[in-house]
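I have placed the structure first, in the form of structure tokens, so that the comments after it can refer back to it.
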């Protein structure tokens, strides 16, 4: 009889693909398969030729890019020297998760399906393409596709005689068992903030405990948004980086939320335990020390501030002793209840902790060993590095907006990482933050004769500050920055730094302040008009006047409520790769690079903005070409 083994491999950036892969794993166990669920880069891809049955679940990020935890697999799979028939014994299926508002919708899943087919794999079904934009989310595609997939798989690998599919009413065992230790047992030191091993490059599994040097607010106290310039000391870490790179920071839950969580579940936060896998071959969570306290588990590992997914309510329903709560939980976990779940969770951005508060009878009955199945781990947050190692040796700086906004819930929504970082005070002792650096998708020209035009409104200016510092330290001129914000007096980040560089001749600066409109005429011409300057600048001038620093306000996108988050003149991360060609003097080129990670969801293609085409085009008169280089924009997700 053919061995009934199933391998589920996932590539996930925000956790959605991992959650779906684990769902497939649970359904496989109900059908009595030996099933492993692994991240693609954790799996030894050389063993793929020996696999008989594999389901791939992969997200697409940015401009058709694979997630971080499948990039090594991706490079290996597309090696040209792989034999065409190397996967001839493999039965496979591909499930993609993407967003149809992006040009390269589910590009990774489509390309993966085609590549495995080229290598001789036998597809069980056409690739499924889940869409975030669907009213019911990706599950609108996932649910029917999984039903068809199990029909195909059970036809090839039927149930053993005498066995039936385990009913959905039966609760599966947890991934780990939790064993409490006696209070007098010896304590072991461990945790996220242990220094990385000597000579080891800091990574997600071995973050560097960087000392917080400064935490400075750079917006006026009267301004609605709190933006911080934060500096870390990385002396002795071995970390190297250049302009355009990204620092990953591992946040933690606030003590108040940890205390509430423990009270709700009636847990002793200082109780110590060890984890043991339920099934042989299951690895322990890499970021949890053994032994560990409940407080450490909840503070550093369980993401109690994330918006809970459908699988959370499905598992929670098994613990419910209250009929009304159980019915509601089962509704949220059903295919028919996804619209109701979206209204309850996603639209108001309700957190896991708040959801637990709403189901008190169920929450107090949750067995502790199911916590790691129920709640996902806290994921690291990415920030564009806002400094150059040439200007600030052994230091990393970030420019961070503290995320805080209102929904229909009474309590304001707060970003986990930004709120935690903003609360840290280096004057209160030795404050440490776990971090590491990874390569960014933004590349700057190395040729000193190449000028660079950079468009970075708001905190999107962060990577360009690093680039300008780096280029100035190397003596490179030809730096042109377009910066925009609301008011010059309240949120003009790094103003004195830019003005000093302008004075020294290292920087050409164009600014736009959307709320400082005292010098604007009553009506501006349409976006297609030739007249794009303020009253003092002249009809054909592409540059702002000295008093108002304004460029092309006709292209400012402002809603009727006065919300200018869609400020389109300077652009935000472009969603479409485009090129603008300008005739000019031969032999010289200039790069136009879009802004970096600033945590915003709204985005407009820079090359499609009339003001950018006009203003930047005129500013670059005489240049052979301007290239608009798209930077990967993150998928829709919760706040940082």
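Backbone N, Cα and C atoms are what each Cβ position is placed from, and that goes for glycine too.
Model, not experiment: these values are computed from the prediction.
If you check TrEMBL, you get these features:
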- 6-150: domain 'Flavodoxin-like' (DOMAIN)
- 12-17, 59-62, 97-106, 132: FMN binding site (BINDING)
- 205-445: domain 'FAD-binding FR-type' (DOMAIN)
- 349, 381, 382, 383, 384, 415, 416, 417, 418: FAD binding site (BINDING)
- 459, 514, 515: NADP(+) binding site (BINDING)
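Look at the Cβ of each of the binding-site residues 349, 515 and count the other Cβ atoms within 10 Å; the largest number goes with 349.
Taking 15, 105, 416 as the binding-site residues under consideration, the smallest Cα distance to residue 515 (NADP(+) binding site) is found for 416. Across the residues annotated as binding FAD (349, 381, 382, 383, 384, 415, 416, 417, 418), the two Cα atoms farthest apart lie 25 Å from each other. Of the candidate binding-site residues, 349, 382, 418, 514, the one lying closest to residue 62 (FMN binding site) when CA atoms are compared is 382. Put simply, residue 382 (FAD binding site) is 15 Å from residue 15 (FMN binding site) when counted between their Cα atoms.
Residue 105 (FMN binding site) sits 25 Å from residue 349 (FAD binding site), taking the Cα positions as reference. Cα-Cα distance from residue 416 (FAD binding site) to residue 99 (FMN binding site): 24 Å (rounded to the nearest whole number). Local packing around the binding-site residues 12, 384, 418, 459, 514 was summarised as the count of other Cβ atoms within 10 Å of each Cβ; on this measure the leading residue is 384. Its own atom aside, the Cβ of residue 102 (FMN binding site) has 21 Cβ atoms within 10 angstroms in the protein chains shown. Note on proximity: of the binding-site residues 349, 382, 418, 459, 514, the one nearest residue 12 (FMN binding site) is 382, by Cα distance. Across the structure, residue 102 (FMN binding site) and residue 349 (FAD binding site) place their CA atoms 23 angstrom apart. Counting only the Cα atoms, the space from residue 382 (FAD binding site) to residue 514 (NADP(+) binding site) is about 28 angstrom. Note on the binding-site residues 59, 382, 416: the fewest other CB atoms within 10 A surround the CB of 382. If you compare Cα positions, residue 418 (FAD binding site) sits closest to 459 out of the binding-site residues 59, 99, 459, 514.
Within the model, the domain 'Flavodoxin-like' (6-150) carries an average pLDDT of 94.
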